[in-house]
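Undergrad: Please see the structure below; I have some questions.
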């Protein structure tokens, strides 16, 4: 979303972080606006790291193989706390990850049931299905995927694994889900469970919460944070965190019934409260239809 770059209000001499490099779309747009400034990009995906090293050989650019949850620690180690002019985060799975069946994210193209963004560590989605109990699996589908038939699907999966040993491929899982609940809407019936499993395997929501918890220490006064989310769980976390720092009086009164707080507790202000992709962006990338942009500035 071009709006996300515009709303960062790039300082040509500033220090910026692209928390989710992907294939460098946002990084390239930021670098084009920098003169003596620098950009630090993060990604868990080794394919993204390789792409950055091959195609972004700029003296003012650095790529870090790590989750964005480690941004605070990186800034602490490099004496950058409170010196960052802006951070952009484009959450969720990237198009190259979805389009590569071998990565295991797609429920329409067959591949190994992996789903790890960082294939150098962690358990695969296939292993997770084997190790999780029915109750845990049902919880993941319900909470991370907002799946109405979570328990029914979890029971069917565990029964299938007991009879067949494992679920090894993406289409094997997608077909099992479809056979369990049928096709009741336009969306592929496997959509929610695949999302939930991916979030679990990659600790996506925990990583997001970890970054947002320390983000004020990273950003300088006047610095901006732009977050693009693609589903309600991510967006809810972002909105609630930002809202609590923009209007602490409202949050505290509603939750704790405490007296109104003084204005010194207000840490952020809205630049873009909520924005969706425009028609041109939708024509270029249909996957952006569910994207929500929120941008704040540190006071």
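Using the three backbone atoms N, Cα and C, a Cβ is placed for every residue, glycine included.
Relevant sequence annotations retrieved from Swiss-Prot are reproduced here:
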- 24, 25, 26, 43, 68, 90, 97: S-adenosyl-L-methionine binding site (BINDING)
Undergrad: Would you give the longest CA-CA distance, in whole angstrom, between residues of 24, 25, 26, 43, 68, 90, 97, the set recorded as binding S-adenosyl-L-methionine?
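TA: Taking every pair among 24, 25, 26, 43, 68, 90, 97, the longest Cα gap is 17 Å.
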Undergrad: Write out the long-range same-chain contacts of residue 25 (S-adenosyl-L-methionine binding site), meaning residues 6 or more apart in sequence whose Cβ is under 8 Å from its Cβ.
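TA: Counting only residues 6 or more apart in sequence, residue 25 (S-adenosyl-L-methionine binding site) has no Cβ neighbour under 8 Å.
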Undergrad: Count the other Cβ atoms sitting within 10 Å of the Cβ of residue 43 (S-adenosyl-L-methionine binding site), across every protein chain shown.
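TA: Result for residue 43 (S-adenosyl-L-methionine binding site): 27 other Cβ atoms within 10 Å.
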Undergrad: Please list residues from the chain of residue 90 (S-adenosyl-L-methionine binding site) whose Cβ is under 8 angstroms from its Cβ, counting only those at least six apart in sequence.
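TA: Spatial neighbours, sequence-distant, of residue 90 (S-adenosyl-L-methionine binding site): 4, 19, 20, 22, 26, 228.
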Undergrad: Within 10 angstroms of the C-beta of residue 97 (S-adenosyl-L-methionine binding site), what count of other C-beta atoms is obtained when all protein chains are considered?
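TA: Within a 10 Å radius of the Cβ of residue 97 (S-adenosyl-L-methionine binding site) lie 20 other Cβ atoms.
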Undergrad: How many other Cβ atoms sit within 10 Å of the Cβ of residue 26 (S-adenosyl-L-methionine binding site)?
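TA: For residue 26 (S-adenosyl-L-methionine binding site), the count of other Cβ atoms within 10 Å is 26.
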